[in-house]
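What follows is a set of notes on a single structure, which appears directly below.
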Amino acid sequence: MAVLALHAVFGIFIYFSSVKGSSQPQARVFLTFNELQETKTSEYHRISHSPLDYRILLMDEDQDRIYVGSKDHILSLNINNISQDPLSIFWPASANKVEECKMAGKDPTHGCGNFVRVIQSYNRTHLYVCGSGAFSPVCVYVNRGRRSEEQIFKIDSKCESGKGRCSFNPNVNTVSVMINEELFSGMYIDFMGTDAAIFRSLTKRNAVRTDQHNSKWLSEPIFVDAHVIPDGTDPNDAKIYFFFKERLTDNSGSTKQIHSMIARICPNDTGGQRSLVNKWTTFLKARLVCSVMDEDGTETYFDELEDVFLLETDNPRTTLVYGIFTTSSSIFKGSAVCVYHLSDIQTVFNGPFAHKEGPNHQLIPYQGRIPYPRPGTCPGGAFTPNMRTTKEFPDDVVTFIRNHPLMYNPIYPIHKRPLIIRIGTDYKYTKIAVDRVNAADGRCHVLFLGTDQGTVQKVVVLPTNFSASGELILEELEVFQSNSPITTMKISSKKQQLYVSSEEGVTQVPLHRCRIYGTACADCCLARDPYCAWDGNSCSRFYPTGKRRSRRQDVRHGNPLTQCRGFNLKAYRNAAETVQYGVKNNTTFLECTPKSPQASIKWLLQKDNDRRKEVKLSERIIATEQGLLIRSVQDSDRGLYHCIATENNFKQTLAKINFKVLDTEMVAYMTDKWSPWTWASSVRALQFHPKDFVGAFSHSEMQMINQYCKDSRQQGQRREEPQKMRGDYSKLKALINSRKSRNRRNQLPAS
């Protein structure tokens with residue numbers, strides 16, 4: 001197994017190197033939590049300094065509220081500003097249940113509380129809310145009022161049992177959707193956490209669930225998300241899709257593998273008449289694959305589904321399903337984003353069923369007769385208009401579903417490869433939200449990716465018909481003070497806001513902060529943020545309906561040469577010359593930090609008005625991310641250094657450093673005295689005076705020497721009484737005279 005795992009790791013590294021390059025991409029801008037607060041573009045809300053495990057469970061853009069569940073609290077926050085007018089309900093578990101929970105050996109802090117895990121809109125005035133209830137789930141109706149201005153938020157009913165609606169264990173995911181005042185949940189239905197089910201409750205009809213203790217249906221699932229998706233024009237054909245991962249035993253029966261899955265059911269399923277009574281008769285599932293293919297055809301999987309986001313369109317069949325996947329390997333840490341066409345998912349569910357056959361129980365396509373109506377078809381829909389309920393399904397249809405719930409073909413992503421891969425990083429992706437943005441040169445998708453380190457990456461994905469490569473990390477935001485993992489994330493394209501939660505609180509950030517990219521047109525253009533454009537004065541929000549003549553944006557190429565003419569581009573590409581000194585045989589550092597980590601740096605050296613030549617790097621001359629380190633400085637190192645940054649084929653000079661080398665002997669004499677200028681009195685005893693130094697060193701050079709002497713004496717040297725200058729005075733005089741003669745040769749002749 002270890003050999004196979006290592007082979008998988010090498011396969012991913014080979015794939016990643018060939019497709020994306022060897023280095024991991026970096027964000028153009030990184031903002032810490034404090035820096036984000038200083039921009040005054042974010043809001044943060046919490047009700048306690050203690051972590052309360054916040055989860056954003058419902059966003060209602062019609063009432064301008066987002067609803068958050070946490071330990072013992074239900075929160076209603078203003079969608080425009082979560083810090084303004086927050087409403088909360090304190091809803092703890094009963095004291096008896098908390099005590100029973102502790103006596104059962106459950107965690108008093110992270111288990112024996114009422115962790116709110118279900119908030120669904122029941123009708124226009126009420127929410128239906130469920131919590132873990134200290135391992136005894138409970139549910140209530142909450143009155144939120146008809147309009148948000150009413151500021152109504154209160155529990156409006158007695159507690160009722162939440163069994164079959166919310167998991168007992170708050171650390172086990174519960175997913176749910178509400179349709180016509182009926183609740184559909186994916187959770188564990190028992191105290192011990194052994195009976196997983198997809199359950200319909202809160203219904204005037206009979207309750208329905210998955211077949212109990214049938215590993216063909218569910219095998220130790222961890223539920224991730226649930227969505228209602230139309231299937232054609234007939235509303236009776238709509239399906240509820242449940243996304244989860246489960247542990248499956250391999251054919252040998254000895255090893256359990258994790259597979260990511262999609263299951264679907266018909267909301268109007270009422271179970272079978274004689275078989276599968278009060279069980280789903282339309283339950284089907286298929287494997288969801290996110291993998292990379294090695295050169296030898298070996299497939300390596302990102303097998304653990306973490307989150308799902310549906311990017312809807314006017315046509316439901318063109319809906320895109322984005323998924324976050326991570327590796328289950330203990331050898332390395334990796335995550336990926338895969339994207340699926342809904343039409344491809346539906347094609348798999350309309351394809352062959354899986355069937356186990358032979359002594360090794362290998363999966364093969366089912367070759368027998370498929371009963372009518374096709375298993376998985378909803379009653380009363382386009383294909384079964386005369387069947388009002390699943391109880392009218394023939395027995396062979398129900399029996400087939402019980403024994404063949406799995407589809408043979410897996411569901412592959414677009415192009416059969418991940419959109420984004422991260423390996424060898426100190427983080428994993430945990431959550432995803434996606435926005436569709438109209439830029440000046442086309443439509444693109446912007447991904448907001450939450451990590452287990454409490455940050456959010458903003459990534460733009462360029463369409464494949466663009467000449468540029470697929471992804472760019474525009475920003476990385478530290479949305480929480482601690483490194484607590486992102487637990488939920490909601491996006492509002494209407495409000496242009498992103499809402500993020502972790503165990504410590506909820507943060508709201510806008511989808512764009514255009515001014516952080518810089519104050520020049522080139523900075524704005526190089527950022528390639530589809531939300532932003534240069535308006536002639538600053539980098540600001542881009543509106544596709546505005547006048548394009550005055551808006552400069554180039555997401556496709558990010559080329560300032562074509563977009564920023566007339567905006568002081570020549571001055572921007574140059575840098576003012578500075579002077580820096582180094583001492584022979586010592587180490588010096590020429591500082592040059594690029595504005596973007598996505599830029600590459602090249603150092604050029606120009607000597608005595610000669611042509612610029614690229615600096616040859618060696619063990620003595622080392623390029624770092626912050627500049628150029630020169631060890632054991634030599635006379636040959638003097639000259640004019642140019643630090644050139646290249647980003648997206650756009651070159652600019654970040655620094656011009658006129659590097660001058662001081663003679664070691666001269667500095668040694670000068671650093672011998674306590675006062676930086678007392679050496680002059682000793683020099684007066686010779687045949688020359690301090691004025692002789694005017695020709696040897698310029699005013700700036702003397703200032704540099706003075707500072708160097710001061711710094712040298714502060715490095716732990718013991719203070720000494722002034723004494724006569726030691727050393728060979730004749731050697732010092734010869735050194736100064738030679739320096740004066742060199743300077744005279746470089747001076748212009750008198751006119």
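Using N, Cα and C of the backbone, Cβ positions are placed for all residues, glycine too.
In Swiss-Prot, Cys514 is paired through a disulphide bond with Cys532, chosen from Cys444, Cys532, Cys564, Cys592. Disulfide pairing as given by Swiss-Prot: among Cys266, Cys290, Cys338 connects to Cys290. Per Swiss-Prot, the cysteine from Cys112, Cys130 that shares a disulfide bond with Cys101 is Cys112.
Ranking the glycosylation sites Asn123, Asn268, Asn586 by how many other Cβ atoms lie within 10 angstroms of each Cβ puts Asn123 at the bottom. If you measure from the Cα atom of Cys378 (disulfide bond) to that of Asn268 (N-linked glycosylation site), you get 7 Å. Cβ neighbour count for Cys532 (disulfide bond) (all protein chains, 10 Å cutoff from its Cβ): 26. A coil conformation is recorded for Asn586 (N-linked glycosylation site) in the three-state DSSP classification, outside any helix or strand. Taken through DSSP, the domain 'Ig-like C2-type' (571-655) splits into 6 helix, 42 strand, 37 coil. For Cys290 (disulfide bond), the count of additional Cβ atoms within 10 Å of its Cβ stands at 28 [all protein chains shown].
Spatially, by CA atoms, the disulfide-bonded residues Cys112, Cys139, Cys338 include one closest to Asn123 (N-linked glycosylation site), and that is Cys139.
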